[in-house]
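According to Swiss-Prot, the features are:
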type: BINDING; residues: D21, L22, N23, R36, H59, L60, G61, R62, R112, R145; note: substrate binding site
type: BINDING; residues: K196, E313, G339, G340, D341, T342; note: ATP binding site
Amino acid sequence: MSVIKMTDLDLAGKRVFIRADLNVPVKDGKVTSDARIRATIPTLKLALEKGAKVMVTSHLGRPTEGEFKPEDSLQPVVDYLKNAGFNVRLEQDYLNGVDVKDGEIVVLENVRVNKGEKKNDPELGKKYAALCDVFVMDAFGTAHRAQASTYGVAEFAPIACAGPLLAAELDALGKALKEPARPMVAIVGGSKVSTKLEVLNSLSKIADQIIVGGGIANTFIAAAGHNVGKSLYEADLIPVAKELAANTDIPVPVDVRVGLEFSETATATEKAVNEVKDDESIFDIGDKSAEQLAEIIKNAKTVLWNGPVGVFEFPHFRKGTEIISHAIANSDAFSIAGGGDTLAAIDLFGIADKISYISTGGGAFLEFVEGKVLPAVEILEKRAKN
């Protein structure tokens, strides 16, 4: 991945425009989950240490272009950064130029309010580019979208580079997918095979084993000839599951936890995979399966984790995901995890410091795993050549 890196540049006195991912949940004007801001702070500090004149922007929520509403504002992010000790201010009217003082951070208001942002209007890209000497793309979570603040600005800025977060993300994904230490094990959970089909196809060419979980596993259980009762599964994708299972080592659970209804209070019953009744639904893998899969993970040298193996939000159906999570945490393998539910499981079981790399991007993470080109990375590669 040959891109210019912000860490390698002399930024003294330069106007630096950082596209970060500060799309955080906000309630009553306060940030309710600060993970993305915390992840961006080292980039801001580095830019200040290098003597840059720092501008940073992001999208927040899904505003209507050209119609600014107070709830679309990045003001809560500015308040958070102020409380963290930064000299920071919000600039709403910035497209025709911004004055940035030494040592201050200017947060440029929500880019998605600007007309032409989403469809990557070149005129808007040029306006962003005119604000800076160096454009820094540091929002991996939006790298799969070609928009004016992720792609257009990179086309027209004097220099376009990858920020520390984006560079680390690309390095970690490259390490897991391009030349993984073997055995390489992928864990793919989620409700539907259809939404992860390209991920499964791509990983089947890379991974030594694929562990499937959630509704995806139910389709593979059905493909192996077992009754799945009322479980969520995709009957039309059984041929696809059979083909994947024939060409890749995909262990099917030997036992499962079932319930009669999808609720937190449902009674969990553990049983062999071939004993599921017509009125039962599979909500988790059983202990034997979890231990077998934990053993596979223990012997792995690379683990890519995307999705839980059961309905871990319900305590009765949490054990499978808990055992798998701790197996990954205790493994010596290089581990990379991504996706919203996966991050929630990591938080729940308190294992964040034991995962080698936690990806910040949901859709971008999956598209990279699928082998797709991420537009915002592609333009950085092009600009690095010229």
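Even glycines carry a Cβ here, placed using N, Cα and C.
Note that the structure is predicted; figures quoted are calculated from it, not measured.
The separation of T342 (ATP binding site) from H59 (substrate binding site), Cα to Cα, is 23 Å. In terms of local Cβ density within 10 Å, T342 ranks first among the binding-site residues N23, T342.
Cα of D21 (substrate binding site) to Cα of G340 (ATP binding site): a distance of 15 Å.
Looking at G340 (ATP binding site) and R112 (substrate binding site), their Cα atoms lie 22 Å from each other.
In this structure, the C-alpha atom of R112 (substrate binding site) lies 23 angstrom from that of G339 (ATP binding site). The secondary structure of G339 (ATP binding site), as reduced to three states from DSSP, is coil rather than helix or strand.
According to DSSP, H59 (substrate binding site) is assigned to coil rather than to any helix or strand. Look at the binding-site residues D21, E313, D341 and count other Cβ atoms within 10 Å of each Cβ; E313 has the fewest. Reduced to three states, the DSSP call for R112 (substrate binding site) is helix.
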